[in-house]
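*Asks:* First the structure, then my questions, so here it is.
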Amino acid sequence: MSKPVQIKSPEGKSRCPICDKPTAEDFRPFCSKRCADVDLHRWLNSSYVIQTEEEADDSMASGSSEQ
Ligand SMILES: [Zn+2]
């Protein structure tokens with residue numbers, strides 16, 4: 001039951017900068033093509049534009065009535 005969750009990186013493997021998952025060799029330095037595309041689009045969209053938090057948390061405003 002008590003399984004220690006140790007993420008070792010003996011080979012110095014980096015993590016996906018997008019979702020922080022272990023990188024896949026086919027998509028380094030990302031974990032998947034999706035994340036690679038995400039990063040690519042970020043650069044294309046005028047290099048990492050910081051998104052302002054214009055969108056308020058609707059979940060808090062309308063309450064949690066989805067359950
Ligand atoms: Zn990823």
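Cβ atoms are placed via backbone N, Cα and C, with glycine included.
Pulled from TrEMBL, these are the listed features:
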BINDING   C16, C19, C31, C35  Zn(2+) binding site
*Asks:* Within 10 angstroms of the C-beta of C19 (Zn(2+) binding site), what count of other C-beta atoms is obtained when all protein chains are considered?
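*Replies:* So the Cβ neighbour count for C19 (Zn(2+) binding site) comes to 12.
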*Asks:* What are the other residues, in sequence order, whose C-beta lies within 8 angstroms of the center of the C-beta atoms of C16, C19, C31, C35 at the Zn(2+) site?
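*Replies:* Same chain, not in C16, C19, C31, C35, Cβ within 8 Å: R15, P17, I18, D20, K21, T23, F27, F30, S32, R34.
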*Asks:* Are there residues of the same chain, six or more positions away from C16 (Zn(2+) binding site), whose CB falls under 8 angstroms from its CB, and which are they?
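*Replies:* Long-range Cβ contacts: P22, T23, P29, F30, C31, S32, C35.
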